[in-house]
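Asker: Here's a structure for you.
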Amino acid sequence: CRQALRSTAGPEVDFARAEREHQLYVGVLRGKLGLQVLELPADESLPDCVFVEDVAVVCEETALLTRPGAPSRRKEVEAMKRVLESLNLNIIEMVDENATLDGGDVLFTGREFFVGLSRRTNQRGAEILADTFKDYAVSTVPVHDSLHLKSFCSMAGPNLIAIGSSEAAQKALKTMQQMSDHRYDKLTVPDDAAANCIYLNIPSKGHVLLHRAPEEYPESAKVFEKLKDHMLIPIANTELEKVDGSLTCCSVLINKASEL
């Protein structure tokens, strides 16, 4: 945890607590929600490998293996490739050395993609994503003052974008609204970090939302509590947040009938 990339210096990660928080996260997905969870093996030579979202974008039966913007993370793709191959997905590899793409910059709304152009993702990476998922519109959004697009936004429902209150987040939302032919509802939360949540539509459970815990972001948690149609599950993420980790970072959601 001392070697993980971080955009700002700050307190050291409490490894034991980070492990407990991650086990709770996995336990909610597997135990509480009944999802099949495939865990990638830990690799001590890759300190950021817990953030699996950045190395793959999966939509329907196609998986795009990315080329992460941080060179130290590129070897992470190999373990992800092996797992996705076991699921018999159509795998596309990003081999263009001019391209960079982190999954944390990719917001899929269910009808289109928004791709953040950030320190980790460039225009060429966005173009390859557009070539890979030709059935969907792809729009780019400049990201300033944050690591990724999803550092301050995510989907909180089928047509609902959760967005932080900062000037940078609101500016990015305005860009997305201008780029899209569709009108999305928005849920504005006071804290940018809390706007990163995980929405799931599970047949037996309905609308499910994993969001940051009230002890971390009390005012934002109150906003989520207004979503009366959702099963709300608060999850603490205090330790991984110290190294720029969000809730969506630690999983890749794949909508696939279980065959294993």
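Cβ atoms are placed via backbone N, Cα and C, with glycine included.
Feature list, courtesy of TrEMBL:
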type: ACT_SITE; residues: HIS148; note: active site, proton donor
type: ACT_SITE; residues: CYS249; note: active site, nucleophile
type: BINDING; residues: LEU5, ASP48, GLU53, ASP54, ARG73, ARG120, VAL243; note: substrate binding site
Asker: Comparing the binding-site residues ASP48, GLU53, ASP54, which residue's C-beta has the most other C-beta atoms within 10 angstroms in this structure?
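Answerer: The residue with the most neighbouring Cβ atoms within 10 Å is ASP54.
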Asker: Excluding LEU5, ASP48, GLU53, ASP54, ARG73, ARG120, VAL243, which residues of the same chain place their Cβ within 8 Å of the centroid of the Cβ atoms of the recorded substrate site?
Answerer: PHE51, PRO68, ALA70, ASP102, GLY104, ASP244, CYS249
Asker: For the recorded positions listed here, ARG73, ARG120, HIS148, which shows the highest count of neighbouring CB atoms within 10 A?
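Answerer: The residue with the densest Cβ neighbourhood is HIS148.
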Asker: Non-local Cβ contacts of LEU5 (substrate binding site) (under 8 Å, 6 or more apart, same chain)?
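Answerer: Set apart from LEU5 (substrate binding site) by at least 6 residues yet with Cβ under 8 Å, we have PRO47, ASP48, ALA70, SER72, ARG73, VAL243, ASP244.
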Asker: Want to know which binding-site residues, from GLU53, ASP54, ARG120, are within 10 Å of the residue listed as 'active site, nucleophile' at Cα; which are they?
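Answerer: Near the residue listed as 'active site, nucleophile' by Cα: GLU53, ASP54.
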Asker: Between the recorded positions VAL243, CYS249, whose Cβ has more other Cβ atoms within 10 Å than any of the rest?
Answerer: CYS249
Asker: Return only the integer: C-alpha distance in Å from the residue listed as 'active site, proton donor' to ASP54 (substrate binding site).
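Answerer: So the alpha carbons of the residue listed as 'active site, proton donor' and ASP54 (substrate binding site) sit roughly 10 Å from each other.
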Asker: Please give the substrate site's span as the largest CA-CA distance among LEU5, ASP48, GLU53, ASP54, ARG73, ARG120, VAL243, to the nearest whole angstrom.
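Answerer: Spelled out: the longest distance between any two Cα atoms in LEU5, ASP48, GLU53, ASP54, ARG73, ARG120, VAL243 is 15 Å.
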